[in-house]
Amino acid sequence: MGTRIRPSALGTYAVLFLIFLYGPVLLLPLFSVNDSIYITFPLKGFTFNWYQQMSQNDQMINALKASLKVAASVSVISTILGFIAAKAVTRFALPGRALFVGFIMLPLIIPSLVLALALLVVLRKILGFELSLMTVAAGHVMLCVPFSMLILISRLEGFDRSLEEAAYDLGDSALKVLVRVTLPLVWPAIISSLLLCFTASFDEYLIAAFLSGSDGTLPVFIFSQLRFPQNLPGVLALGSCILVGSVILVTLAEVVRRRGGPVRESGALGS
Amino acid sequence: MTAQDGFIYIKSVSKLFGSLRAVDDISFTIREGEFFSLLGPSGCGKTTLLRMLAGFEHPTYGEIYIDGQAMSGVAPNSRPTNMVFQNYAIFPHLDVRQNIAYGLRNRQMTKATIDDAVDKALNLIKLPSYGYRKPHQLSGGQRQRVALARALVCQPKVLLLDEPLGALDKKLREEMQLELRQLQQSVGITFVFVTHDQEEALTMSDRIAVMSKGRVLQIDAAQQLYEEPNCREVAGFIGSMNFIDGRLLSASHGNYLVDAGPFGQLRVTAKEGQIIHGNVTIAVRPEKITLSETPFPSSQENVVKGRLAARAYLGDRNHYYVETAHNAAPMAVARQNMIRDGQVDHLVGKDIWLSWSPDSAVLLDPASS
């Protein structure tokens, strides 16, 4: 038993690694209940004041709402577009498939700064759009489609094409094959894609900063608030709420994905 | 040949993938209610042909008729065919009943009628209590049956089977061969069965088309294919075969006399009307050859002398390999193990005599393949 308690080099490394990863994040909730506007140790006292202040900060709540709206629509639109593209790439002998995929994946490599600038010029100067949450969402869709497509391509390639052929052979129309076979089998990937696109859009700063008009998204708003120290604890409170929210969301998604697990592991798919 | 001749009529069908001729100008017919096998090595075009029958591939040239109807432009979901896939393609997210009912739910049928049909199908495949299992809880053989039931409940005019027994182990495969054959006879549906396993094709089929490199070499019943192959490739693909090259000396009333070099003159009785000149190949099956450790009487025809090189023990029979003065490859002789310890091991390395009757050999045109 003694050997098990003695910390091994690998164990120590693992613990340090986890502290390095999550330590800074955990400071957020800690300071959000600290009775001081300065983020320094030692802690002063316990308070829920900042949470109250947060809930009364209409500007911040509006920014949060804007971000949620953008992220929700971006995740849905990107996943639909990503699914259509992934289906085309995996199911049809497209001429120039590699080139096509390459172009769609490009936003992953191009620096967001360049993308943001280019989009600003195109939307504002060439197309003459007013900047709004819509333009932010459009930029985010461009950024998110590659993620969604990558997730869905790997899922579609992982499942046996003869399943779709069998459905077609048994009398289904193309649409019915999609609804009765393809979607039920790829839905874990669709959930992953929705979640990933949601988070990618929710915390994206650069494109949002360039393309938002009068009403900014949350990251843009928070960044503008950093100049005012008295507002900082409120931001920390909001950050803590978002942290809790995302932990719940990811846990839920994982539970749902596991429940759908046997579908993936059954023989016809595994082979 | 016209469309009326056969239930399925494959008319001058070719399929090109790029420059590859997967199916090369094939024409033949399949009768109604027939168990028809497409047999050949992998890459011979048999699966491509089957997929063209199902509608997943389209002929580059030619036309396929099923029950008198041209199939070009008819999608898989409106063809009178159903398919059993090589890896079964059981829907993993549905249970057994839902899988079997899948095709029926595309028809105007009440739930009660569907349930009834599914119950009957489950009984047919002898899995009546497995209806609510998920596919991953089934064994390979059970999945295979579910795939079969799912296709059969749709009552297709033609059932297409793409190496459905390939993934099963040998014992189960032999059981399923028998079951599949009985099933086909009881439902009376035309089966088109793709396999690379010649034994499987011989056991189950009414007729077999032997394919190679996109072409059909011979279409016949099992016995004809085995006993009267029409070319060297078919003879070699189905079972094992000894080939002896020679020159035709004379032919009269189905009696052929062949000069086989060091073997002297060999006689073959074959179908009359076979037009063969000059160079010929005599083909003899290993089990049709008699072995003797002493010379045969001089009246015996078709005698060859050789040296016993090796023996292979196969349980029910032994294969003897005899080196001769004529052939590069040793001649194979099969002998049933009628008695225990009946081998002739002490003769390995010694001289031995082979003989076969003129009507057990086949005369082939060496240029045919």
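Counting starts with 1 at the first residue shown.
Just so it is clear, glycine is given a Cβ too, placed from its N, Cα and C backbone atoms.
TrEMBL lists A:12-31 (among others) with the feature transmembrane segment.
Look at TrEMBL and you will find A:64-253 tagged as domain 'ABC transmembrane type-1'.
Here TrEMBL flags A:66-86 (among others) as transmembrane segment. Within the chain, the transmembrane segment (A:66-86) has long-range Cβ neighbours (under 8 A, six or more residues past its boundaries) at 104, 133, 136-137, 140-141, 144-149, 151-153, 155-156, 186, 190, 193-202, 208, 215-219.
If you look up TrEMBL, you'll see A:98-121 (among others) marked as transmembrane segment. Note on the transmembrane segment (A:98-121): residues 85, 89, 135, 138-139, 142-143, 145-147, 149-150, 204, 206-207, 209-211 of its chain, located 6 or more positions outside it, place their CB under 8 angstroms from a CB of the stretch.
Residues annotated as transmembrane segment in TrEMBL: A:133-153 (among others).
Under the heading transmembrane segment, TrEMBL lists A:177-198 (among others). Listed by sequence, the residues of this chain that lie at least six past the ends of the transmembrane segment (A:177-198) yet keep a Cβ under 8 A from its Cβ atoms are 71-72, 74-76, 78-79, 82-83, 87, 144, 147-148, 151-152, 154-156, 159, 163-164, 167-168, 249-250, 253, 256-257, 260, 263-264, 269.
Away from its own ends, the transmembrane segment (A:235-256) comes close to residues 25, 28-29, 31-32, 39, 50-51, 53-54, 60, 64, 188, 191-192, 195, 199, 218, 222, 225-226 of its chain (Cβ-Cβ under 8 Å, at least six residues beyond either end). Annotation source TrEMBL lists transmembrane segment at A:235-256 (among others).
Sequence-remote contacts of a segment are chain residues at least 6 beyond its ends whose Cβ falls under 8 Å from one of its Cβ atoms, and for the transmembrane segment (A:12-31) they are 39, 43, 233, 236, 239-240, 243.
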